[in-house]
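Single-structure report; data block below.
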Amino acid sequence: MEEDFNIRDHQLTSRERDFENALRPLSFEDFNGQDKVVDNLRIFVKAARLRAEALDHVLLHGPPGLGKTTLSNIIANELGVGFKVTSGPVLDKPGDLAGVLTSLEPNDVLFIDEIHRLSPVVEEYLYSAMEDYRIDIMIDKGPSARSIQIDLNPFTLVGATTRSGLLTAPLRARFGINLHLEYYDDDILSNIISRSAGILDVPCSSQAAGEIASRSRGTPRIANALLRRVRDFAQVKGSGSIDTEIANYALEALNIDKYGLDEIDNKILCTIIDKFKGGPVGLTTIATALGEDAGTIEEVYEPFLIKEGFLKRTPRGREVTELAYKHLGRSLYNSQKTLFND
């Protein structure tokens, strides 16, 4: 029986997070890929250490699963300071933010994931914390209300977002270091898979690692998740070692095609072709037709489909490309003929 694998599996459960943490590099030396980003961070971190001061605030942005959390942890490790993690949706009110900020030791790193989802009132409190290392808190209500100023230890805020366009200009301006993470090439992903296989103590040939890498959508998190699934097939259907044959068998069973597209990716393309004659069509309409969340399609699936040339954005909406027709075995001519006959 086939088991579908889709990208939403990587909104990590606690067990999956433990697995990912076991594979997470802890230093710049061990981090594969993102060479320009890592090289710049090495310089910034070393300079901050030489001056014995907090590193400038860092904004990391790019698609999910490319290493934003990992790099944040590495920054703290390389600085030799504490590392605290939270996320935009968790910081619901100013008191939540104040509790986190006042717990920081000098020069600690505070990582806020999904920083674009901070509420406006919490974001405003963050401004003075980032600029002046202080916050103003209101005590009591009504006529007896008063503001007290709380001084904070110097700290580095590392904000991560998959949707940098949603950040307000005032918040973006307060990050002294702004870095974009790109998708990884297959050679780098193959190295990551081989390293992870070694940590998991599962033999994996370089050819098999390359095969898994080629279907990992340029994303280390997906590469490690696929390795975990292929390991299951190797233990149950094979000898326990991962070779090209068992890798291909597992990936086919998981409905991951040679481009790394899963069932949802192909449904998106098929829906645009079959129901909307290839487009253009609006994102909300696509989401409604699929019964999916528009934000998930835009954030998780669409970037890779556009990068690989299966989909394009136009002022009038999304359109599939000729490559998508070829990939799905559909006729572009028939679709256009139907369009003009309507």
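Residue numbering: from 1, along the chain as shown.
A Cβ is built for glycine as well, from the same backbone N, Cα and C atoms used for every other residue.
Note that this is a predicted model, so its numbers are computed, not measured.
Over in Swiss-Prot, the protein carries these features:
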{"type": "BINDING", "residues": "Leu23, Arg24, Gly65, Lys68, Thr69, Thr70, Glu131, Asp132, Tyr133, Arg174, Tyr184, Arg221", "note": "ATP binding site"}
{"type": "BINDING", "residues": "Thr69", "note": "Mg(2+) binding site"}
{"type": "BINDING", "residues": "Arg313, Arg318", "note": "DNA binding site"}
{"type": "REGION", "residues": "1-184", "note": "region 'Large ATPase domain (RuvB-L)'"}
{"type": "REGION", "residues": "185-255", "note": "region 'Small ATPAse domain (RuvB-S)'"}
{"type": "REGION", "residues": "258-342", "note": "region 'Head domain (RuvB-H)'"}
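Swiss-Prot feature annotations superimposed on the structure.
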residue	record	CB count, 10 Å
Leu23	ATP binding site	21
Gly65	ATP binding site	26
Thr69	ATP binding site	21
Glu131	ATP binding site	11
Tyr133	ATP binding site	16
Tyr184	ATP binding site	24
Arg313	DNA binding site	14
Arg318	DNA binding site	25
Report, in whole Å, the straight Cα-to-Cα distance of Tyr184 (ATP binding site) from Arg313 (DNA binding site).
22
Length of the line joining the Cα atoms of Tyr133 (ATP binding site) and Arg318 (DNA binding site), in Å:
44
Length of the line joining the Cα atoms of Glu131 (ATP binding site) and Arg318 (DNA binding site), in Å:
41
Restricting attention to the region 'Large ATPase domain (RuvB-L)' (1-184), give the mean pLDDT.
90
Helix, strand or coil: which one is Arg318 (DNA binding site) in, per DSSP?
strand
Do you know offhand how many angstrom separate Leu23 (ATP binding site) and Arg318 (DNA binding site) by C-alpha?
37
Please report how many Å separate the Cα atom of Tyr184 (ATP binding site) from that of Arg318 (DNA binding site), as a whole number.
25
